[in-house]
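Under the heading domain 'Nucleoside diphosphate kinase-like', TrEMBL lists 3-139. Residues annotated as ATP binding site in TrEMBL: Lys11, Phe59, Arg87, Thr93, Arg104, Asn114. Sequence annotations record features per position, and here TrEMBL assigns active site, pros-phosphohistidine intermediate to His117.
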Amino acid sequence: MTTNRTFTMIKPDAVENGHIGAILEKITAAGFKIAAMKYTHLSVRDAQAFYAIHSERPFFGELVEFMTRGPIVAAILEKDNAVEDFRALIGATNPSEAAEGTIRKLYASNIAENAVHGSDSDENAAIEGAFHFAAREVF
Ligand code: RTP
Ligand code: MG
């Protein structure tokens, strides 16, 4: 079953580089509606829990350090086929492999500092959204 929601974060690099507005414009222009949104700062414990699936990967320490070094924008987005369409909109993990016009091609620096997160399944979209938002914050 597919749901119509996904979860995203505008990561610290894109916030530092002043790309919040441009990225939100790309997201809404692509037809996504904002169901929930906040400007927040992950603690080390938050980032370790959020990315627990990567805890054995060699880049885990670097990933946690990066994701906690400054504020992020977290959001739940709504659109038909949200997870797949949003992954297409952001492009490949490594911006040098991302398609022209994708958010990572436009705004990411490298494979580690890649501007945005997008959930990779409906199940993870629901888990990740609930990680960041209480039910009363989702519209
Ligand atoms: P995300 O979960 O953030 O949407 O990214 P993704 O699915 O495209 O990539 P994933 O494999 O889930 O990796 C999660 C994040 O870890 C960082 N990373 N660094 N140094 C490296 O080789 C490396 N590989 C991945 C990136 O921030 C990536 O988005
Ligand atoms: Mg991922």
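Cβ atoms are placed via backbone N, Cα and C, with glycine included.
Under DSSP, residues within the domain 'Nucleoside diphosphate kinase-like' (3-139) fall into helix, strand and coil as 64 helix, 24 strand, 49 coil.
Residues distinguished by a CB atom under 6 angstroms from ligand 1 are absent from the binding-site residues Lys11, Arg87, Arg104. Mean model confidence of the domain 'Nucleoside diphosphate kinase-like' (3-139) amounts to 98 (pLDDT, 0 to 100 scale). In the shown protein chains, 12 other C-beta atoms lie within 10 A of the C-beta of Phe59 (ATP binding site). Within the set of recorded positions (Lys11, Arg87, Arg104, His117), the lowest number of other Cβ atoms found within 10 Å of a Cβ is recorded at Arg87. Residue with the densest Cβ environment among the binding-site residues Thr93, Asn114: Asn114, by other Cβ atoms within 10 Å.
Counting in whole angstrom, the residue listed as 'active site, pros-phosphohistidine intermediate' lies 9 from Arg87 (ATP binding site) by their C-alpha atoms. Spread of the ATP binding residues is 21 Å (greatest Cα-Cα distance among Lys11, Phe59, Arg87, Thr93, Arg104, Asn114).
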